[in-house]
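Following: one structure in structure tokens, then a few remarks.
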Amino acid sequence: LLSDNDMEKSTSNKQQRSPKLCGTNYPVSIAFIVVNEFCERFSYYGMKAVLTLYFIRYLHWNENLSTAVYHAFSGLCYFTPILGAIIADSWLGKFKTIIYLSIVYVIGHVIKSVGAIPDVGDSTTHVALSVLGLVLIAFGTGGIKPCVAAFGGDQFEEEHIDERRKFFSIFYMSINAGSVLSTIITPILRGDVQCFGGDCYALAFGVPAALMVVALVVFIAGSGLYEKTPPQGNVLLNVCKCIGFAISNRWKRPRNSPKRQHWLDWAEEKYSKRLIQEIKMVLRVLLLYIPLPMFWALFDQQGSRWTLQATRMNMDFMLNALLILVFVPIFDMGVYPLVGLCRIKLTPLRKMATGMILAALAFCAATVVEVNVVVSKSSELLIYSTHLKFKHYSPITARDHFCWWKSAKSDPGVAHHLPVFSLQDSEQLTWRKTVDVQPNNVHIAWQVPQYVLITAGEVMFSITGLEFSYSQAPASMKSVLQAGWLLTVAFGNVIVLIVAEGAGLEQWTEFVLFAALLVGVSIIFSIMAYFYTYVDPDQLDKEFRDENKDNMDDLKKDKKEQESMGMKDVPKQTKI
């Protein structure tokens with residue numbers, strides 16, 4: 001932890017913060033952080049927008065393997081934040097951690113782009129480069145995730161709580177603005193730009209790599225304006241040691257020992273009251289996070305199961321991201337103030353619980369309204385003696401009365417196995433018509449209310465969760481608690497992996513299962529939130545600072561008294 005001198009230096013530094021934006025209480029430094037986040041999210045979501053199709057079309061993996069690898073990558077991106085948080089809070093500090101791991105991020109993007117070039121090696125090389133690139137990207141993006149949000153919160157003064165809360169809303173808007181543009185641009189680069197005789201995945205991955213370089217340059221450009229909190233020692237190691245000592249000390253004591261208010265109080269013999277109190281704060285918040293992965297298990301399926309369910313992949317994700325950009329200002333300037341006028345106290349945890357319930361309702365509605373692939377025209381088979389052609393599809397070759405075909409216009413473009421009529425010995429041209437998928441009679445507009453619900457739930461749940469994780473964390477553990485919040489996303493993807501690969505359920509059954517689980521989890525979280533007591537870490541810092549000051553004054557007073565008492569005992573010197 002910081003010493004008293006370090007705390008005084010930190011306090012004096014806060015009085016010399018960067019200039020404000022246009023006379024407001026927003027520091028100029030957050031502009032660089034928001035632009036950096038926009039470019040980084042463009043980089044991440046732009047790459048991810050074509051990732052499932054890249055697995056299926058370029059690496060020739062099946063749907064289940066593609067879904068499993070997709071969620072494994074997503075999960076790794078949200079497991080690695082704990083490493084970034086440890087490095088930032090204990091070793092390098094947030095600023096240097098963001099720079100160094102961003103470089104790793106860029107290298108991963110470059111390797112991923114090279115792996116998408118057909119002329120570079122064989123299929124094994126492509127798979128190896130792709131996996132290596134994804135691992136580096138996961139460590140890069142995951143490592144900086146908890147640092148960037150916490151670093152942005154550090155730029156605000158203690159009394160500017162409302163401005164800091166609105167910053168997290170702006171921060172989340174920048175995330176979705178980057179995702180909207182990237183999900184429009186990268187699929188266009190993949191499909192409409194032809195290179196190496198096919199879809200240009202190398203370009204689709206190369207542009208996000210370039211945006212990550214821009215993000216790194218922008219972040220470094222604001223270096224002189226940032227409020228940089230120094231690392232405060234190996235915080236996580238101290239936390240683990242303190243918890244371990246408290247447990248061992250409790251078990252070693254006889255049963256008739258006086259009871260203590262909290263089990264962590266058994267560490268008071270060795271560790272400071274401040275550290276013990278901070279650990280209590282963090283553990284209370286982490287306990288609340290236990291039910292949260294189920295929300296992300298549903299939400300993140302937009303990029304996998306829902307992508308494979310319909311041809312409108314980018315429209316789905318774009319609709320969610322566009323609604324985020326619309327809903328954030330509406331909720332901040334309209335919904336929340338109106339609720340306040342009704343004298344309803346909408347605490348952060350109540351917002352999150354409401355968001356979970358809205359997401360559950362959205363998924364229930366999505367399960368009821370079964371949306372099939374919209375096919376404007378039935379596929380027509382034109383049978384030749386040696387070749388088959390589909391209208392609007394690429395030519396294929398007949399093999400033993402069966403054929404594989406790939407769509408040239410629709411996604412996901414998975415190969416379908418279709419029966420082919422026996423060919424006549426003569427060279428006479430014959431044709432027959434077959435229907436592969438029946439036209440859908442449910443209009444896609446029925447999905448709009450579902451996306452409105454799940455996006456409203458995301459606004460209330462995710463943005464509030466970011467700000468709650470920062471506001472309830474002690475100064476020495478801001479990044480660690482942000483990483484704990486991001487771990488809920490990782491475990492959500494693990495749940496999808498288990499169900500998708502292990503359960504073997506039909507897709508509509510999976511949707512019903514996930515919706516029912518989220519409803520139950522929302523009720524449990526609401527009960528837990530009711531009993532949670534909010535804390536003010538800044539007030540805690542002030543209390544312990546005053547306590548340390550009083551202790552130092554007492555020590556100085558005792559020292560003076562001892563010196564005066566000692567002087568009385570010293571005999572008078574005799575002049576010679």
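Residue numbering: from 1, along the chain as shown.
Cβ atoms here come from the backbone N, Cα and C positions, even for glycine.
Annotated features, as they stand in TrEMBL:
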| type | residues | note |
| --- | --- | --- |
| COMPBIAS | 1-11 | compositional bias 'Basic and acidic residues' |
| COMPBIAS | 545-563 | compositional bias 'Basic and acidic residues' |
| REGION | 1-20 | region 'Disordered' |
| REGION | 545-576 | region 'Disordered' |
| TRANSMEM | 68-86 | transmembrane segment |
| TRANSMEM | 98-115 | transmembrane segment |
| TRANSMEM | 127-148 | transmembrane segment |
| TRANSMEM | 169-189 | transmembrane segment |
| TRANSMEM | 201-226 | transmembrane segment |
| TRANSMEM | 281-299 | transmembrane segment |
| TRANSMEM | 319-341 | transmembrane segment |
| TRANSMEM | 353-375 | transmembrane segment |
| TRANSMEM | 480-500 | transmembrane segment |
| TRANSMEM | 512-535 | transmembrane segment |
Stretch with greatest number of CB pairs under 8 Å, the transmembrane segment (281-299) reference, 68-86, 98-115, 201-226, 319-341, 512-535 candidates: 512-535
Annotated stretches the transmembrane segment (127-148) and the transmembrane segment (512-535) touching (3 or more Cβ pairs under 8 Å): no
Beyond the flanks of the transmembrane segment (319-341) by 6 or more, those residues with Cβ under 8 Å of it: 166, 169, 172-173, 176-177, 179-180, 183, 302, 448, 451-452, 454-456, 458-460, 463
